[in-house]
Amino acid sequence: IMSNKKQISSLQKRQEVTENVFLFVPNIIGYSRVILAILSLYLMPSNPWTCMGLYIVSCFLDAVDGNAARYYNQCSKFGAVLDMVTDRSTTSCLLCFLASAYKPWAMVFQLLISLDLSSHYMHMYSSLTAGAASHKQISKSSNPILRAYYSNNKVLFAFCAFNELFFVALYLLSFEKTSIGSWKDFSLLHLLALISFPICAGKQIINVIQLISASQSLAKVDIEDRKKTTM
């Protein structure tokens with residue numbers, strides 16, 4: 001019996017060693033997201049509807065890879081970082097296009113890119129420094145808004161989806177030649193932009209809160225490290 005247990009344990013160890021994180025199902029989905037995003041960027045200047053079709057599918061797969069990771073028990077730090085980097089990169093590229101399409105608002109889009117990148121980087125770094133398994137793992141002592149945002153997948157998905165929807169609507173509207181002169185000129189795209197704007201604005205507020213909270217967490221770590229060195 002002991003011999004059989006040793007053989008089973010040895011086999012399990014071999015399986016663990018031979019696992020290739022890069023070929024995990026959720027990570028393969030992540031690679032497909034990157035490919036779709038690159039294709040959408042290539043078509044962005046000339047084929048708006050095809051571009052946004054690819055872009056939206058890439059964003060939708062963001063929810064699929066998380067479920068796949070839990071279903072196949074293939075959660076990984078590499079997958080989490082790949083997921084976040086893909087999100088930040090695709091949104092930043094779309095905002096770059098919007099900055100060129102809406103030149104009077106270019107600085108606003110540039111600030112949104114900066115806020116998005118800095119808040120998520122600071123949050124990811126502070127989470128790893130604190131020893132969290134994932135940037136979505138929020139401690140009970142953290143900001144209650146962040147806890148509500150990251151602890152409920154439906155809330156997280158809704159904010160991210162409507163945030164992207166607002167930018168997508170702006171992108172498609174940039175190809176329309178007519179401006180709003182009356183209610184007759186008000187299209188479905190205008191309606192989508194109007195509906196999604198408040199949630200998009202809320203997402204930016206959450207990014208600010210995330211940036212401040214991560215900064216405070218890192219400052220606490222610095223203070224604790226300085227105390228250790230002076231003892």
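Just so you know, the numbers here start at 1 and follow the chain as drawn.
Cβ atoms are placed via backbone N, Cα and C, with glycine included.
Residues or ranges marked as transmembrane segment in TrEMBL: 21-42, 93-113, 155-174, 186-206.
If you look at the transmembrane segment (21-42), the same-chain residues 6 or more away from its ends with a CB under 8 A from one of its CBs are 51-52, 54-55, 57-58, 61-62, 64-66, 68-69, 72, 74-76, 78-79, 82-83, 86, 89-90, 93.
Through the fold, the transmembrane segment (155-174) approaches residues 44, 48-49, 52, 55-56, 59, 62-63, 87, 91, 94-95, 97-98, 101-102, 136, 148-149, 189-190, 192-193, 195-197, 199-200, 202-203, 206 of its own chain, all at least 6 residues removed from its boundaries and within a Cβ separation under 8 Å.
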